Structures are given as structure tokens and as C-alpha cells.
Amino acid sequence: MGASGRWIKALVGFTKSDKSRSSKKDENVKVATKSRFGRKNSVDFDFEKFQDGFEDSNTRSMVDTGVSTSTSLQSYGGVAYDEQSRENRAATRIQTAYRGFLARRALRALKGLVRLQALVRGHAVRKQAAVTLRCMQALVRVQARVRARRVRLALELESETSQQTLQQQLADEARVREIEEGWCDSIGSVEQIQAKLLKRQEAAAKRERAMAYALTHQWQAGTRLLSAHSGFQPDKNNWGWNWLERWMAVRPWENRFLDSNLRDDAKLGENGMEQSENVPKTQIKSVSKMPNTSNLVSGVSSQMTGPCQSDGDSSSPGISSSIPVVSKAKSKPAKDDLAVEVNSRPGAGPRSHSNPKERSREPNRSSKERLSLPNSGKSLGSQSTKANRAGKLTPASQKVVEEKSAQNQRRRNSDPIKQRLA
């Protein structure tokens, strides 16, 4: 009994130690399970440690009991071991099944958690992506507006610059046109140009005197020639050449060069006043009896075309063909009538019959101003109208006209044409 009692005590002590160990393990397992998803029913069982402890206890008991009791102990230990091994196998199976259940539950929880995290993260990512896209759209709109504004400003600036350049170009062209209109393209100094223009003016005056002289002699020759002039007859030489000579005497292309020179010569007409006052009134009466032949020539000028270009110092051959042969006795009163006719013009003064080379030229003209030729076409028209009026007036009215013409002649003493030709 002593050996068996010790064996029982050893077995009881072993069970207590196993219980204490198992309780500690259970506490450890409970703490572990609490930390893992709040689980309470998980149990961990270390089978190898239990087997080692059991074998140690068996060896101790076998050493204590001795050889005498070995047979009885072997039989009893074999039965206990079989029972314990069955319990261990059953516990192992239970633990494996329970652990599989817990693992499957944890796996399901993890899968749900992963799905929840994926949903949350996907929602957050989609929300952040939407915010980013809105920001990008706003930035793109702002950039588009800025670029459109820059393009608009560039176009406005370009249009303004183009308008400014166009206005500047138009202004430059206008200035160049003005310069070209007042520009004298002839070669030579100012004095030479003025001398040439003066020669042309004197030649034009000579041509006018010659035409007036020819017209007076045509009137004195007879009335047949005047009746022939009543219609348009371009076959007659005197008809066309008289108009051409009058047109060449005007010289419209030189008017702009001689205007300034005639203004400068307005101060030199004091000597012309004496000559105009000495003209007798009888000569003025003879002019009033002349027929309206110059009016016929001025009326044809609107129908004739084809200007004839010739030099300023030479006369046309038509003058010689249109002038009839008369006696020297009749030439002197014709010249006097011509002088009266020239003096009675509204825009012309008394003209001298001397050679242009014999006249004295005044050097007081400005070298920078330009010369121009007077428009003799207008003076011829006004002359013809006055001649018609003078032919129709009565003797009483002729006196009034003569007095008015004398007053007008005094006023025209300062006329640049008369001063230049004096």
C-alpha cells in the first residue's frame, strides 16, 4: 500500500499541477481571445507538454515503487494511459473543430472588413477625383478666358495700329500730294524760272493783242465774213485757229506758277495809273460800236477739242492766214482801239507795245514764291459781254457806262496783270 499510496499522491499532485497549468493556459487563452475580435470560448491545449509531464511522473513513481510493484503498476498505468489518450484525442478533435469554426468566422469578418474598407476608400477616392476634376475644369475655363482676352486685346491692338498706320499713310500721301501740286519740276534757279515764265506771259499777251487786232480788222473788212461766222464752220482757218490761239494764250498748266509772281508785282503799278488816265474817251466809244465777234469764238470753245501744244514764245501759223491785208493807214486806229479794249477789260490793265527785252525788270520779287499766269479766258468772256452791252446802250447811258469804266479803271491800277504788263 505504501507504494500505491505514493503513486496516488503523485497522481493527485500531478493533476493539481496540471489544473494550475491548465488554468494559467486558460487565462492566457482568454486574454488572447479577448484581444482577438472579442472571443471567449477559445481553448489552447499543449499536448506535448502534457505528455512529457506525464512521462516524468511515471518514471518517478516507477523509481520510487521499486521493482516489486512494477507488475501491478504497469497494468494499472496501461489502463489509465489508454483512458487519458482517448480523452486527449477527443479534446484535440474538439479543439480542431472549434478552432476551424473560429478561423472561418474570423475569415468572414476579415472579408467583410475588407469589403467595407474598399467601399469607404472607393467613395473617398471617387469624391476626391470629382473634386479634382471640378478644380481642373475651373482651371481650364480660367485659362481659356485668359487666352481669349489676350487674343482679343491683341486683335484690338493690331486693329488700332493698322488704323493708325493707315491714317498716317493717308496723311503722308496727302502731304506728298500737296508738295507735288506746288512743286516746280523745271531745272534751273528761281531767277531763271521766273524769267522763263515772264517771257511766256509776254508772249501770251502778244498773242492776245494780235488776235484782238485781227478781229478788229475782220470787222472792218466787211459784213460778209461776219455772216460766215454765224454758224459753226470748222473748215475756215480763222475759226479754229482763233479758238486754239485763245486756248494757248490761257495756258492753264502755268497758272499756279504765276499767281504768286503777280501778287508780288502788285506794288509796282503806280506808273500804270498815269497811262490809264490819259486814254481819250473817244476811243472807248469806238470800242462800244464793235460787233460781238469775240463772243462767237468763246461759244465755239465749248465744242472744239484737241489742244495744240506749242512754245510760249512762238505764234501759230493760223494767225497769219486769218489776218487780212489792210493798209498802214488803218493800222494805227486799230491799235488805239486795241489799247482801249485791253484797258476796258475787268481783269487787265494797259499793256505796253515794247519788246520784252527792252522792259526793265524789278529784282524785288521773293525767290521762294511761285508764279502763275492770269486766266485770260475769263477776261475774254467778260470783254465780249461788255461789248454787247455797250453796243445796245443809248448815248446817255453810254456816258454813264464810260464814267463807271473810268472809275473801275482807277480801281484796277493795282491789278497785278496791268502792273506786270505796264
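Note that Cβ sites are derived from N, Cα and C of the backbone, with glycine treated the same way.
When the ranges 107-121, 137-151 are checked against Swiss-Prot, the one recorded as region 'Calmodulin-binding' is 137-151. In Swiss-Prot, the feature motif 'Nuclear localization signal' is placed on 23-30, out of the ranges 23-30, 159-166, 343-350.
Within the domain 'IQ 1' (87-115), the DSSP-based counts of helix, strand and coil residues read 29 helix, 0 strand, 0 coil.
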